[in-house]
Amino acid sequence: MDFKILKEKLPQSNLTVVLTGAGISKESGIPTFRGEDGLWKKYNPEELATPWAFQRNPALVWEWYDYRRRIISKAKPNKCHLLIAEFEERFKNVRVITQNVDGLHEAAGSTNVIELHGNIWKVKCTKCDFRGINREVPLSKIPPECPKCGSIVRPDVVWFGEPLPSDKLTEAMELSQRADLFIVIGTSLMVQPAASLPFLALERGAFVVEVSPEETPLSRKAHLFFQMGAVEFAMKFEEKEG
(Lines of atoms letter the chains of each structure in order from A and count residues from 1; the text may use other names and numbers.)
(Lines give C-alpha, C1' and ligand atoms only; values in the text may rest on other atoms or scores of the structure.)
Protein backbone atom coordinates (compact mmCIF):
# COMPACT_ATOMS: atom_id res chain seq x y z
CA MET A 1 0.00 0.00 0.00
CA ASP A 2 2.77 2.43 0.92
CA PHE A 3 4.34 2.16 -2.54
CA LYS A 4 0.93 2.87 -4.07
CA ILE A 5 0.63 6.08 -2.01
CA LEU A 6 4.13 7.20 -3.01
CA LYS A 7 3.36 6.54 -6.68
CA GLU A 8 0.25 8.70 -6.43
CA LYS A 9 2.19 11.51 -4.74
CA LEU A 10 5.10 11.69 -7.22
CA PRO A 11 3.16 12.95 -10.28
CA GLN A 12 1.04 15.29 -8.10
CA SER A 13 4.04 17.04 -6.55
CA ASN A 14 5.14 20.42 -7.95
CA LEU A 15 8.52 20.11 -6.21
CA THR A 16 10.02 16.83 -5.04
CA VAL A 17 13.23 16.90 -3.01
CA VAL A 18 15.31 13.75 -2.45
CA LEU A 19 17.89 13.91 0.37
CA THR A 20 20.52 11.15 0.32
CA GLY A 21 23.29 10.06 2.67
CA ALA A 22 26.05 7.47 2.99
CA GLY A 23 23.59 4.55 3.09
CA ILE A 24 22.80 4.80 -0.62
CA SER A 25 26.49 4.79 -1.62
CA LYS A 26 27.32 1.96 0.78
CA GLU A 27 25.23 -0.25 -1.49
CA SER A 28 27.55 0.66 -4.37
CA GLY A 29 30.48 -0.67 -2.33
CA ILE A 30 31.65 2.63 -0.82
CA PRO A 31 32.37 2.33 2.92
CA THR A 32 30.55 4.81 5.15
CA PHE A 33 33.81 5.77 6.90
CA ARG A 34 32.13 5.41 10.25
CA GLY A 35 32.96 2.84 12.92
CA GLU A 36 35.17 -0.12 11.92
CA ASP A 37 34.25 0.59 8.31
CA GLY A 38 36.08 3.88 8.47
CA LEU A 39 39.45 2.88 9.89
CA TRP A 40 42.43 3.41 7.58
CA LYS A 41 45.93 2.69 8.90
CA LYS A 42 44.37 2.91 12.39
CA TYR A 43 43.22 6.49 11.77
CA ASN A 44 39.61 7.59 12.19
CA PRO A 45 38.08 9.84 9.51
CA GLU A 46 37.53 12.44 12.24
CA GLU A 47 41.32 12.61 12.62
CA LEU A 48 41.98 13.03 8.90
CA ALA A 49 39.08 15.02 7.44
CA THR A 50 39.89 18.26 9.26
CA PRO A 51 41.64 21.49 8.32
CA TRP A 52 44.08 20.95 11.22
CA ALA A 53 45.13 17.49 10.02
CA PHE A 54 45.71 18.94 6.55
CA GLN A 55 47.79 21.79 7.95
CA ARG A 56 49.91 19.36 9.96
CA ASN A 57 50.35 16.68 7.31
CA PRO A 58 48.82 17.35 3.88
CA ALA A 59 50.53 14.26 2.39
CA LEU A 60 48.89 11.92 4.94
CA VAL A 61 45.45 13.42 4.33
CA TRP A 62 45.93 13.15 0.56
CA GLU A 63 47.06 9.51 0.91
CA TRP A 64 43.73 8.78 2.59
CA TYR A 65 41.82 10.65 -0.13
CA ASP A 66 43.80 8.80 -2.80
CA TYR A 67 42.69 5.53 -1.14
CA ARG A 68 39.07 6.71 -1.06
CA ARG A 69 39.19 7.93 -4.66
CA ARG A 70 40.42 4.50 -5.78
CA ILE A 71 37.41 2.85 -4.11
CA ILE A 72 34.97 5.41 -5.52
CA SER A 73 36.46 5.18 -9.04
CA LYS A 74 35.44 1.50 -9.14
CA ALA A 75 31.92 2.13 -7.81
CA LYS A 76 28.90 2.30 -10.11
CA PRO A 77 25.54 3.96 -9.45
CA ASN A 78 23.14 1.38 -8.01
CA LYS A 79 19.44 0.81 -8.71
CA CYS A 80 18.44 3.52 -6.25
CA HIS A 81 20.72 6.17 -7.82
CA LEU A 82 19.21 5.21 -11.19
CA LEU A 83 15.64 5.35 -9.84
CA ILE A 84 16.22 8.88 -8.49
CA ALA A 85 17.57 9.95 -11.91
CA GLU A 86 14.47 8.39 -13.49
CA PHE A 87 12.24 10.44 -11.13
CA GLU A 88 13.85 13.57 -12.58
CA GLU A 89 12.98 12.44 -16.12
CA ARG A 90 9.44 11.35 -15.35
CA PHE A 91 8.16 13.89 -12.83
CA LYS A 92 8.23 17.65 -12.66
CA ASN A 93 10.83 19.58 -10.71
CA VAL A 94 12.78 16.85 -8.89
CA ARG A 95 15.86 18.06 -6.98
CA VAL A 96 18.52 16.01 -5.20
CA ILE A 97 20.36 17.16 -2.08
CA THR A 98 23.19 14.81 -1.12
CA GLN A 99 25.60 14.53 1.78
CA ASN A 100 27.78 12.25 -0.36
CA VAL A 101 30.94 13.41 -2.13
CA ASP A 102 31.25 10.53 -4.63
CA GLY A 103 29.44 12.04 -7.65
CA LEU A 104 27.32 8.89 -8.18
CA HIS A 105 24.07 10.85 -8.61
CA GLU A 106 25.53 12.67 -11.63
CA ALA A 107 26.96 9.39 -12.92
CA ALA A 108 23.42 7.96 -12.74
CA GLY A 109 22.05 10.86 -14.81
CA SER A 110 20.69 13.27 -12.18
CA THR A 111 21.31 16.88 -13.21
CA ASN A 112 19.71 18.91 -10.40
CA VAL A 113 22.05 17.94 -7.54
CA ILE A 114 23.21 20.01 -4.58
CA GLU A 115 26.37 18.42 -3.14
CA LEU A 116 26.21 19.80 0.39
CA HIS A 117 29.58 18.37 1.43
CA GLY A 118 31.40 18.95 -1.87
CA ASN A 119 32.85 16.48 -4.37
CA ILE A 120 35.89 14.23 -3.96
CA TRP A 121 36.92 14.77 -7.61
CA LYS A 122 37.09 18.55 -7.21
CA VAL A 123 40.11 20.38 -5.81
CA LYS A 124 40.81 23.93 -4.70
CA CYS A 125 44.09 25.72 -4.15
CA THR A 126 45.16 26.57 -0.60
CA LYS A 127 46.68 29.87 -1.80
CA CYS A 128 45.08 31.22 -5.00
CA ASP A 129 41.51 31.14 -6.38
CA PHE A 130 42.01 28.01 -8.52
CA ARG A 131 39.24 25.39 -8.44
CA GLY A 132 39.13 22.44 -10.78
CA ILE A 133 38.58 18.74 -11.38
CA ASN A 134 41.24 16.10 -10.74
CA ARG A 135 40.22 12.56 -11.74
CA GLU A 136 43.71 11.05 -11.63
CA VAL A 137 43.65 7.61 -9.95
CA PRO A 138 46.03 6.89 -8.38
CA LEU A 139 47.49 10.35 -7.90
CA SER A 140 50.93 10.67 -9.51
CA LYS A 141 52.02 13.25 -6.95
CA ILE A 142 50.99 13.52 -3.30
CA PRO A 143 50.06 16.15 -2.33
CA PRO A 144 48.92 17.39 -5.77
CA GLU A 145 49.84 20.91 -6.82
CA CYS A 146 47.91 23.84 -8.23
CA PRO A 147 48.38 24.17 -12.01
CA LYS A 148 48.06 27.94 -11.64
CA CYS A 149 50.45 28.85 -8.79
CA GLY A 150 52.20 25.61 -7.77
CA SER A 151 50.87 25.59 -4.19
CA ILE A 152 49.24 22.53 -2.65
CA VAL A 153 45.59 21.90 -3.53
CA ARG A 154 43.10 20.30 -1.15
CA PRO A 155 39.96 18.25 -1.82
CA ASP A 156 37.00 20.57 -2.42
CA VAL A 157 34.95 18.94 0.32
CA VAL A 158 33.60 20.10 3.67
CA TRP A 159 35.72 18.85 6.56
CA PHE A 160 34.82 18.43 10.22
CA GLY A 161 34.90 21.86 11.84
CA GLU A 162 34.14 23.71 8.58
CA PRO A 163 30.82 25.37 7.72
CA LEU A 164 28.81 24.24 4.72
CA PRO A 165 28.99 26.61 1.72
CA SER A 166 26.32 29.20 2.51
CA ASP A 167 24.91 29.31 -1.04
CA LYS A 168 24.33 25.54 -1.10
CA LEU A 169 22.85 25.47 2.39
CA THR A 170 20.53 28.39 1.63
CA GLU A 171 19.31 26.72 -1.57
CA ALA A 172 18.81 23.39 0.23
CA MET A 173 16.78 25.08 2.98
CA GLU A 174 14.65 27.01 0.49
CA LEU A 175 13.90 23.84 -1.50
CA SER A 176 13.04 21.96 1.69
CA GLN A 177 10.58 24.66 2.72
CA ARG A 178 8.91 24.68 -0.72
CA ALA A 179 8.76 20.93 -1.32
CA ASP A 180 5.41 19.16 -1.71
CA LEU A 181 7.13 15.78 -1.41
CA PHE A 182 10.37 15.18 0.52
CA ILE A 183 12.08 11.77 0.29
CA VAL A 184 14.97 10.82 2.59
CA ILE A 185 17.16 7.87 1.57
CA GLY A 186 20.10 6.32 3.40
CA THR A 187 20.93 8.94 5.99
CA SER A 188 21.02 8.50 9.76
CA LEU A 189 20.14 12.21 10.12
CA MET A 190 22.87 12.67 12.71
CA VAL A 191 24.89 15.36 10.90
CA GLN A 192 23.60 18.92 11.06
CA PRO A 193 22.50 21.03 9.31
CA ALA A 194 21.41 18.45 6.69
CA ALA A 195 19.55 16.50 9.39
CA SER A 196 17.17 19.42 9.94
CA LEU A 197 16.02 19.62 6.29
CA PRO A 198 13.23 16.96 6.41
CA PHE A 199 11.89 18.54 9.60
CA LEU A 200 11.80 21.94 7.85
CA ALA A 201 9.82 20.28 5.05
CA LEU A 202 7.44 18.66 7.57
CA GLU A 203 6.81 21.99 9.29
CA ARG A 204 5.89 23.54 5.94
CA GLY A 205 3.38 20.80 5.16
CA ALA A 206 5.37 18.52 2.85
CA PHE A 207 4.55 14.83 2.54
CA VAL A 208 7.67 13.19 3.98
CA VAL A 209 8.93 9.70 3.07
CA GLU A 210 11.89 7.95 4.68
CA VAL A 211 13.89 4.96 3.44
CA SER A 212 16.30 3.54 6.03
CA PRO A 213 17.15 0.09 7.39
CA GLU A 214 17.37 1.59 10.90
CA GLU A 215 14.99 3.95 12.68
CA THR A 216 16.12 7.57 12.82
CA PRO A 217 14.74 10.64 14.63
CA LEU A 218 12.47 11.14 11.58
CA SER A 219 11.00 7.63 11.28
CA ARG A 220 7.97 8.07 13.56
CA LYS A 221 7.18 11.51 12.15
CA ALA A 222 7.44 10.65 8.44
CA HIS A 223 4.17 9.98 6.59
CA LEU A 224 5.71 6.83 5.09
CA PHE A 225 8.64 4.85 6.50
CA PHE A 226 10.18 2.10 4.38
CA GLN A 227 12.43 0.16 6.76
CA MET A 228 14.84 -1.24 4.18
CA GLY A 229 18.02 -0.44 2.27
CA ALA A 230 18.11 1.86 -0.74
CA VAL A 231 18.50 -0.88 -3.38
CA GLU A 232 15.75 -3.03 -1.86
CA PHE A 233 13.48 0.03 -1.91
CA ALA A 234 14.27 0.69 -5.60
CA MET A 235 13.67 -2.95 -6.54
CA LYS A 236 10.34 -3.06 -4.69
CA PHE A 237 9.29 0.27 -6.18
CA GLU A 238 9.95 -1.09 -9.68
CA GLU A 239 8.31 -4.47 -8.90
CA LYS A 240 5.15 -2.66 -7.98
CA GLU A 241 5.10 -0.50 -11.13
CA GLY A 242 1.70 -0.70 -12.71
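Quick reminder: no glycine exception, Cβ is built from N, Cα and C everywhere.
Summarising the annotation, Swiss-Prot assigns active site, proton acceptor to HIS117 and lists sequence analysis as the type of evidence. Per Swiss-Prot, NAD(+) binding site is recorded for 21-40, 99-102, 186-188, GLU241. Among the features that Swiss-Prot reports, substrate binding site is placed at TYR65, ARG68. Annotation source Swiss-Prot lists Zn(2+) binding site at CYS125, CYS128, CYS146, CYS149. Per Swiss-Prot, domain 'Deacetylase sirtuin-type' is recorded for 1-242.
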Would you list, in sequence order, the binding-site residues among TYR65, ARG68, CYS125 whose CA lies within 10 Å of the CA of GLN99 (NAD(+) binding site)?
-> none
What's the most sparsely packed of the binding-site residues CYS125, CYS128, counting other C-beta atoms within 10 A?
-> CYS128
Show which residues of the chain containing HIS117 (active site, proton acceptor), separated from it by at least 6 in sequence, have their CB under 8 Å from its CB.
-> THR98, GLN99, ASN100, VAL101, VAL157, VAL158, LEU164
Rounded to an integer, what is the Cα-Cα distance in Å between ARG68 (substrate binding site) and CYS125 (Zn(2+) binding site)?
-> 20
Cα separation, TYR65 (substrate binding site) to CYS125 (Zn(2+) binding site) (Å, whole number) = 16
DSSP, reduced to three states, assigns CYS125 (Zn(2+) binding site) to strand
Cα-Cα, GLY21 (NAD(+) binding site) versus TYR65 (substrate binding site), nearest Å, comes out at 19
With the Zn(2+) site defined by CYS125, CYS128, CYS146, CYS149, which remaining residues of that chain have Cβ atoms positioned within 8 Å of the Cβ centroid?
-> THR126, LYS127, ASP129, PHE130, PRO147, LYS148, GLY150, SER151, VAL153
CYS146 (Zn(2+) binding site) has how many other Cβ neighbours within 10 Å of its own Cβ?
-> 20
Under 8 Å by Cβ from GLY29 (NAD(+) binding site), same chain, sequence gap 6 or more = ILE71, LYS74, ALA75
Cβ-Cβ distance under 8 Å to CYS149 (Zn(2+) binding site), same chain, at least six residues away = CYS125, LYS127, CYS128, PHE130
